[in-house]
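Following: one structure in structure tokens, then a few remarks.
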């Protein structure tokens, strides 16, 4: 045994080249052959193979499939149904899209091929991560369905929000479009084309963040569902580009066309082309004419330019998603530039501005319900009444012939381009008068949402000069003008309040019309009295509409009472007409107020009598229908209760 190990040691360490040459000419002895075999075995063993890298078991190991449980139905599409699911391992909520797998033997091979392609593509999509795209979590294959596990977005799609809330304002459209382009830019940078951008495939979470869904693998899903006998993509032709319909080959520019159609959908609340053509007619029209959908008229110039660039007929002329992210409609830079221009104009004016008001965004808006906050621009006086606007919307928007027109905000100062004012020898746009702004206000709600602009010129030495100053925390430039403006506004509000009060009940309207037709003096005294007593007592308390009698019964008593009031007042007014004004003014006012109070008390008494008669008539009808009578005692008690109930009609 020792000789054996000794020979092995000598063969490993002490062998020389001469021994090898001798072995070539002479056959080796038996111990030497055994030593060579042992040496080769040792060299092939793991002791001498440490330098070789072991196989990576982590890449070879396949993760177990996600265990999930199906929940309620979320939606149903052309290529399958979407359910809510739960990951049984982590508890995460999922959106599971189920695609049917055909059992036909003829198309089984094609089905398996598409399933493998879809699974491979989902594996690639799992590596994508962006806040504006839906994450792919994996696939689970079952006997008759293929389940695609997606990120669950709780808010719903844009199309569902349009059905609930109607068309979006332009500010919301701008926010959603910006996020849509960010997600689309990420997909295009990873060489992924969406192919089916529309409101139904754009999801919104609770924070207003949108996420693109059904991208990348949509082509494989469509082919797989077509083999299974699913219907065509319903509604999608409205968003298709002409090159997609003609099947002449399309690229990322087809997604840009769909972005423009989606913006039209958000602005109008309806799918593009849906008002003019049905689906088949829309396909024929788009494919033959290559025209873009009609652009709405109620959008700004920036939004119009954005849509025209997205809906170019030639695909090569359409901008990319990265270029559209720099458009003024998405960034809103034109609005900021208009604010900077206004700030520079105020800095160069003759009246110095406070240091804290050099930035246009620092203008203060009123958070109270009154209309008392007035900021004076010298002779340009703007009354701000924004009780419901947040601080984020405190920038002043000016509308000119080339300015930014923001349709979603009503708090803007309208500028008339046709009229001009002179400023240091130069001409510029002038502002509308306050009376014109008042004419556009028809309701009380519009008073708190519009910016009233008052313009007057201060003439001196034969030259017209416009002084601009901003004094928010200081007294106004002219207290008399402020008082006059406030009095006009209060008078306007009083008139509107009186008109609204008239519409509350037909009784007051008929009484008011009778007073007007009978005597103008009564009408004037009534209006003056109402204005004097409006704060402590308000308007006349009238019975509710539901308990008021018919118009035929009420129409007689006010007219008779009015005639009586006018007849009783006419001698007194005739006697006082010939007297001097300085001695009989107070007596005439007292007589008018007394006659009016008598007329009102007479009308109230007539109303109460007619109400009692009407209630008694209804009570008899109810008793007759029930077939049972009531005793005189019960009738008197009930009548007493009804009288006490209607003693105060306003309660």
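Cβ atoms are placed via backbone N, Cα and C, with glycine included.
Annotation source Swiss-Prot lists domain 'Protein kinase' at 68-330, citing sequence analysis.
Look at Swiss-Prot and you will find 74, 75, 76, 77, 78, 79, 80, 81, 82, 97 tagged as ATP binding site. In the three-state DSSP classification, residue 82 (ATP binding site) falls within a strand.
Annotation source Swiss-Prot lists coiled coil at 105-130 (among others), citing sequence analysis. Taken together, the residues of the coiled coil (105-130) have an average pLDDT of 77.
Secondary structure at residue 108 (ubiquitin cross-link), as computed by DSSP, is helix. The ubiquitin cross-link annotation in Swiss-Prot covers 108 (among others).
Around the Cβ of residue 110 (ubiquitin cross-link), 15 further Cβ atoms fall within 10 Å across all displayed protein chains. Annotated ubiquitin cross-link per Swiss-Prot: 110 (among others), in sequence order, evidence recorded as similarity to another entry.
Residue 196 (active site, proton acceptor) is surrounded by 21 other CB atoms, counting those within 10 A of its CB over all protein chains shown. The active site, proton acceptor annotation in Swiss-Prot covers 196.
Sequence annotations record features per position, and here Swiss-Prot assigns region 'Disordered' to 460-483 (among others).
According to Swiss-Prot, the compositional bias 'Basic and acidic residues' annotation covers 464-477.
For 537-601 (among others), the entry in Swiss-Prot reads region 'Disordered'.
Positions annotated as compositional bias 'Polar residues' by Swiss-Prot: 570-599.
According to Swiss-Prot, the coiled coil annotation covers 605-628 (among others).
If you look up Swiss-Prot, you'll see 618-651 (among others) marked as region 'Disordered'.
Recorded residues residue 108 (ubiquitin cross-link) and residue 80 (ATP binding site) have their alpha carbons 18 Å apart, per Cα-Cα distance.
Taking Cβ-Cβ distances under 8 Å and a sequence separation of 6 or more, the neighbours of residue 76 (ATP binding site) in its chain are 82. Around residue 74 (ATP binding site), taking its Cβ as the centre, 16 other Cβ atoms fall within 10 Å, counting all chains.
Annotation note: residue 196 (active site, proton acceptor) sits in a coil segment as assigned by DSSP.
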